[in-house]
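*Asks:* As annotated by TrEMBL, active site, proton donor/acceptor applies to E268. The UDP-alpha-D-glucuronate binding site annotation in TrEMBL covers P69, T70, Y71, D100, R143, R148, D181, D182, D183, H295, T296, R297. Taken from TrEMBL, the feature compositional bias 'Basic and acidic residues' applies to 299-309. As annotated by TrEMBL, site 'Interaction with galactose moiety of substrate glycoprotein' applies to E214, Q305.
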Amino acid sequence: MKLKLKNVFLAYFLVSIAGLLYALVQLAEQLRQKDLRISQLQADLRRPPPAPAQPPEPEALPTIYVVTPTYARLVQKAELVRLSQTLSLVPRLHWLLVEDAEGPTPLVSGLLAASGLLFTHLAVLTPKAQRLREGEPGWVRPRGVEQRNRALDWLRSRGGAVAGEKDPPPPGTRGVVYFADDDNTYSRELFEEMRWTRAVSVWPVGLVGGLRFEGPRVQDGRVVGFHTAWEPNRPFPVDMAGFAVSLPLLLAKPNARFDGTAARGHLESSLLSHLVDPKDLEPRAANCTRVLVWHTRTEKPKMKQEEQLQRQGRGSDPAVEV
């Protein structure tokens, strides 16, 4: 009996020793791994940090050609100043400002000269038959048609500007064309979203069409429809501020123009139908889930007091530019 107990005790002792040795080996391995990790971290700390990624030089970026029709009114200068200061934040940008006038006006010429932007100043007068009549709402007739088409003509030709500071881009120039009205509000992010457009890129526009926003509906990275309330069956139910076109595509399609006789809401479609199929539109702004441009409109100033003072011969000094 004593011999059996002794054997049991010996076996237990041997097993315990073996377990202890195993545990010590495991602990030693863990300590070795820990020391190795510490050594690696210390080596990483001593290694100089990698050089930060450098953004492309401005000369390497495709040029953004921003086309803006404008016309004389009390808020014209205020809206152009606001827009010009947004555009000044965007590298590699060329502003094509097109006046609805017989020639360049001193107000616009002076504003452009002071803007610090690369610009081209154009002018073309809207024919009388196409102009809004007194009391007509703005949606009755398409506006800015002649001016946008004049900018397209300039981009496609070597024709001079009325105050030309830059020749049209030569064939093969990388770039994108965007039609930016002077009464909208733009995030500078929008311009970087459109810069690498291959054909036609699109995004939502806020505060337009009686909705919080209008814009493409995107599924699996492709445009599958449009969020709009008015005439959704239009070929391209998008706002003028909701798309950009690659310059090479516009140059390759010389017949693509805005149609001044297009039905209400079809002005954008009259151009885009010559350029691309809706299924091939390129969604931007996080697959059209971010609003980076807003269809804001400046309230028309009420001039009752000014008119009253003018009748009294005490009106504001007309030499002071507003």
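In case you wondered, yes, glycine gets a Cβ from its N, Cα and C as well.
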*Asks:* What are the DSSP helix, strand and coil residue counts for the compositional bias 'Basic and acidic residues' (299-309)?
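*Replies:* Summed by class, the stretch gives 6 helix, 0 strand, 5 coil.
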*Asks:* Restricting the comparison to the recorded positions E214, E268, Q305, which residue's C-alpha is spatially nearest the C-alpha of Y71 (UDP-alpha-D-glucuronate binding site)?
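*Replies:* With Cα distances computed to Y71 (UDP-alpha-D-glucuronate binding site), the winner among E214, E268, Q305 is E268.
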*Asks:* What's the most sparsely packed of the recorded positions T296, Q305, counting other C-beta atoms within 10 A?
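*Replies:* Output over recorded positions T296, Q305: least Cβ neighbours within 10 Å is Q305.
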*Asks:* What parts of the chain pack near the compositional bias 'Basic and acidic residues' (299-309), using Cβ distances under 8 Å and only residues at least 6 beyond its ends?
*Replies:* 74-75, 315-316
*Asks:* Return the member of E214, E268, Q305 nearest to P69 (UDP-alpha-D-glucuronate binding site) in space, with distance defined Cα to Cα and candidates limited to these recorded positions.
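*Replies:* Minimum Cα distance from P69 (UDP-alpha-D-glucuronate binding site) across E214, E268, Q305 lands on E268.
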*Asks:* Looking at the recorded positions E214, E268, Q305, which has the shortest Cα distance to D181 (UDP-alpha-D-glucuronate binding site)?
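*Replies:* Result: the closest of the recorded positions to D181 (UDP-alpha-D-glucuronate binding site) is E268.
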*Asks:* Within 10 Å of the Cβ of E214 (site 'Interaction with galactose moiety of substrate glycoprotein'), how many other Cβ atoms can you find? Include all protein chains, please.
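*Replies:* If we count other Cβ atoms within 10 Å of E214 (site 'Interaction with galactose moiety of substrate glycoprotein'), we arrive at 25.
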*Asks:* At the Cα level, what's the spacing in Å between E214 (site 'Interaction with galactose moiety of substrate glycoprotein') and T296 (UDP-alpha-D-glucuronate binding site), rounded?
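*Replies:* Distance between the two Cα atoms comes out at 13 Å.
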*Asks:* Just to confirm: which same-chain residues, 6+ apart in sequence, have a Cβ under 8 Å from the Cβ of D183 (UDP-alpha-D-glucuronate binding site)?
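*Replies:* Counting only residues 6 or more apart in sequence, the Cβ neighbours of D183 (UDP-alpha-D-glucuronate binding site) under 8 Å are E79, T296, R297, T298.
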*Asks:* Which has the fewest other CB atoms in a 10 Å radius around its CB: Y71, R143, the listed binding-site residues?
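*Replies:* Checked Y71, R143; of these binding-site residues, fewest Cβ neighbours within 10 Å: Y71.
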